[in-house]
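A short write-up of the structure that comes next.
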């Protein structure tokens, strides 16, 4: 007993330190703000580049210059879509700075380039049949570009785009700071920001600072904006389901079983999860920052609800409260799987929602996605294995009402699994054909589908196991031998006595099996 308590305490400590570490890693969380913390440029062709961020941006609704009512000089960006540069600073190596003349101007150039994804072929020498990104002497002599600058072919349909902003190092200064500049977006699209260097002497240059990206209706990135409306809709959907369940719960409170409390908890968590996400997105959209507390609560609600939803499906499939009064020796295994799944899901959700707005590397995300996918597979296998055993027991006992109930549940679960497999295939196809996020305006439907599917399954369970005046339809009735059926399977004479004996023996075998498990 002491050893078990010690191991349990040790697990709790490990989990605490894991979450504490993740919390500290993301203690400074910004929303649509791309932060650069002394990061290096990467070589490509004859240039060095740094990816400053990418987001889906809608076209500005207002193009006239406006001022804030509280200040005559402060510009107002209400109704505008912008990318602004805030304290972006470049630091070149000391050797590069010392090799310059102190009184000389423009001793090094860094270019910030903003482009829409459809204009990506206009950057570099592809149109000039050259692999170069920066203009070389040969191309400069042809008059195609300016020596030492990035080759850009202007879009004739969108004057001044792709946008180029130059920042020069002066004399022997090691730092060059960009002027505060705001670029207005007048065309809806997926925009990329790159910082590029053509001067080989600036190899090893670092960047720090941040850029702020804003849509016309707020700071929510374009891919996330539709989700705020979706979470508001889902909050109302859970509220309606919760009210209907509560009225049924109160009406038949004398016939409530333990399973009903579990269903109530899942509905309440779903309602809270959707509401918290809606208010978190709404605050994010209006302020441009994601409060750590609200986001952490939302992430935890997601993890807890996902875990309890899967446990609900599992215990229902095992026949808990329907064909068996307890889970027996399986309780510890079910709880352990639930705890492991919660930890894995919480870690993944923390990284996805509390990290920087820039995407995480594929390897880092894969490291967290794989355990969750593996545990989901374990849940699915265990659920269908348990369903098979439960259906077999009900058929053996000839309990027609409960058998029909579980057949309906099995069909609903099978349909959801098929839809999940089909949707996973669609996700893979979507991501394979959308490497540059060109279809960002419909990307929100991917997470929305999983929320809708979870809600639909919960509604099915609520309908099938709704409280009623006749609890024998779904409840385990030990006093009645568990196999009495409201449909009335007549057992008369010696044959009936023999059947009853066989049923009691089957129940006894089930209880012994539960103990062994």
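Think of each number as a place in line: the chain as shown, counted from 1.
The backbone N, Cα and C atoms fix where each Cβ goes, glycine too.
Under the heading transmembrane segment, TrEMBL lists 224-247 (among others). Below 8 angstroms of C-beta separation, residues 58, 215, 217-218, 263-264, 267-268, 270-271, 274-275, 277-278, 281-282, 285, 444, 447-448, 451-452, 455, 458-459, 462, 466 of the same chain, each at least six residues beyond the ends of the transmembrane segment (224-247), sit close to that stretch.
Taken from TrEMBL, the feature domain 'GOST seven transmembrane' covers 226-471.
Taken from TrEMBL, the feature transmembrane segment applies to 259-279 (among others). Sequence-distant contacts of the transmembrane segment (259-279) (same chain, at least 6 residues past either end, Cβ-Cβ under 8 Å): 227-228, 231-232, 234-235, 237-239, 241-242, 245, 249, 294, 297-298, 301-302, 304-305, 308-309, 311-312, 315-316, 320-322, 451, 454-455, 458, 461-462, 465, 467.
Per TrEMBL, the feature transmembrane segment maps to 311-344 (among others).
According to TrEMBL, the transmembrane segment annotation covers 364-388 (among others).
Under the heading transmembrane segment, TrEMBL lists 409-430 (among others).
Under the heading transmembrane segment, TrEMBL lists 442-466 (among others).
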Taking residues 6+ outside the transmembrane segment (442-466), which of them lie with a CB under 8 Å of any CB in it?
223-227, 230, 234, 237-238, 241, 244-245, 248, 259-260, 263, 266-267, 270, 274, 306, 309, 312-313, 316, 405, 408-409, 412-413, 416, 419-420, 423, 427, 430, 434, 474
